[in-house]
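A.B. asks: The structure under discussion is supplied below as structure tokens; questions concerning it will follow.
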Amino acid sequence: MSGRPKLVLASGSPRRLSLLNQAGIEPDALRPVDIDETPTKGELPRACANRLARAKADAALRALQIDDELRGSFILAADTVVAVGRRILPKADLVDEASQCLRLLSGRNHRVYTAVCLVTPKENFRQRLVETRVRFKRLSEEDIQAYIGSGEWRGKAGGYAIQGIAGSFVVKLVGSYTNVVGLPLNESIALLGGEEFPIRAGWLDAG
């Protein structure tokens, strides 16, 4: 490749894009992929996040191999899993799913895992998994019903968005906050920088 290498974010998540922008990085393209995100039987949360991030990266790479403009780009993919013990919570799309998640999380500790997978222009894969521990306050029925009414939970792992109203539910957080939002910035930028992507190129324009 000549000139600045290109970066493709293999996600349609506004949160992941916003986090990259926060770090001064503007992807050249967004290429969300459609894969089956159902955990396999007995799959552990860590393994699930790692498998799905790799599957998203693989799918994006296949798509870009036939794209003359973006072939040879860096590809960044990620998957976030919320778990209570070994139980993986869904990415809630239905009210019943979100209600069940919130009742399970109420007053308890849970863990958020995000796996980040980077594909280099030479089609090498680099991957990191980040874990954050979160504890929610005990949620009242009024809390749950009002939060369901907000709609903020739709499509979110574990049925909540920490960067929104649900941030007020958090009693304690140990680890990376951006990991819970959907993309651990420190580790993601380290992956890119380790493969000589110009991570600081946009900093002069960040102000």
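Keep in mind that glycine also has a Cβ here, set from the backbone N, Cα and C atoms.
Taken from Swiss-Prot, the feature site 'Important for substrate specificity' covers Arg15, Thr80, Gln163. Summarising the annotation, Swiss-Prot assigns active site, proton acceptor to Asp79 and lists sequence analysis as the type of evidence.
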A.B. asks: Comparing the recorded sites Thr80, Gln163, which residue's C-beta has the most other C-beta atoms within 10 angstroms in this structure?
C.D. replies: Thr80
A.B. asks: What Cα-Cα separation, expressed in whole Å, is found between the residue listed as 'active site, proton acceptor' and Gln163 (site 'Important for substrate specificity')?
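C.D. replies: Per the Cα atoms, the residue listed as 'active site, proton acceptor' and Gln163 (site 'Important for substrate specificity') stand 17 Å apart.
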A.B. asks: About how far apart, in whole Å, are the alpha carbons (Cα) of Thr80 (site 'Important for substrate specificity') and Gln163 (site 'Important for substrate specificity')?
C.D. replies: 15
A.B. asks: Most Cβ neighbours within 10 Å: which of the recorded positions Arg15, Asp79 is it?
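C.D. replies: Comparing the recorded positions Arg15, Asp79, the most crowded Cβ belongs to Asp79.
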A.B. asks: Could you state the whole-number distance in Å separating the C-alpha atoms of Gln163 (site 'Important for substrate specificity') and Arg15 (site 'Important for substrate specificity')?
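C.D. replies: Cα of Gln163 (site 'Important for substrate specificity') to Cα of Arg15 (site 'Important for substrate specificity') measures 9 Å after rounding.
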